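Chemist: Have a look at this one before I ask anything.
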């Protein structure tokens, strides 16, 4: 056997409680370093975090963009995020080879841009985005459960918040999975589920769009006037950004056993094979079937007036598979919150499964899920929440920041194409993030009259 690499030695040092400059790691980071994942596990985590039920909102985004602009935005989103996620991976690999393996997004920002960026910008935004994703998943799961209930019991009177609470209780149990790496088998099942409900949704769109009672197809841009259509475009861009969003690339790469070189790229290739297969098929078939009448989620188009407009068994399968995958997606996006709580409450000198660490882990994770469930039940408006999360968080974190990290770390020549490509991506998507955030907030204000705490939507 060959001599251990510098990165292997660094991992051992970090597992012992300190990095190469003598810093101590908190319990959250130490527990992460016990993970020994492969590139396949990495692919499962990536797919669960990206290919999730928000992809069923893509036809809704197309309604504000039209065929040409919708397809262009979808292609650009795939290309830029694949490129950006690889940039983050390369930066992480570079720092690991230099003897400083970074485990979290805020660690990257602190080391590359300075402590202020990690503490006051990247860290808070990532935390809010990830916890917002947990809330959105909980809400969407409650809506799926309610849809299944109405299929089985038309005219049923149980309110949405009851189903949200039921899913929240289930999440409290699933959230006790001890680490990100321990979710690898759950996320493999999640990968299969996202393919299954996507293909079923495509089949439902083709069935409904080609039936005698098919809805009238109008592909004009949605919006009553020019101003509404312009804001609708930026809102749609935010929705697409949310769909491609991840926000936890460093945390996923941290689960991979050292050396990590090349493993993330293989995982991303697996993930994006699923992305291209599902995103484009759902977006195209959904917009073809419903045109500018596409709802905030495709599932809403499959039920009109509380009744299914596609075969009930097919809708039941779609809703069930969606519900099951949402549990995996929610617990994946809960990981940054879990890691922060473990860093605050756990003892790094005790084992991960010691009673001293298990008790606060169970209590803190249960409390975090309870908070997310309460918010989901109180503010049940998934479409508006989806756009705001994308505009405020995913656009800067997943589109702009990786290019900045790469340029600052590797300092590519200003005469070369890489520097200017990265600079262009950072500037354009930073500007889009600002405008899309304004558009998302504006949409929330417009819809505020229909908001009601614990509404039964």
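Backbone N, Cα and C define each Cβ position, glycine as well.
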Chemist: Of 270-290, 354-374, which span is tagged transmembrane segment by TrEMBL?
Modeler: 270-290
Chemist: Between 101-126, 127-152, I'd like to know which one TrEMBL lists as transmembrane segment.
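Modeler: From TrEMBL, the annotated transmembrane segment range turns out to be 127-152.
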Chemist: So which of 65-92, 188-210, 270-290, 310-334, 388-406 has the most C-beta pairs under 8 Å when paired with the transmembrane segment (230-249)?
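Modeler: By Cβ pairs under 8 Å, 388-406 leads among 65-92, 188-210, 270-290, 310-334, 388-406.
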Chemist: Report, as numbers and ranges, every residue of the chain located at least six residues beyond the transmembrane segment (65-92) whose Cβ falls under 8 Å of a Cβ in that stretch; write 'none' if there are none.
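Modeler: Answer is 46, 50, 58, 101-102, 108, 112, 219-221, 233, 236-237, 240-241, 243-246, 249-250, 253, 260, 264-265, 268, 272, 275-276, 279-280, 283-284, 287, 398-399, 402-403, 405-406, 409-410, 422, 425, 429.
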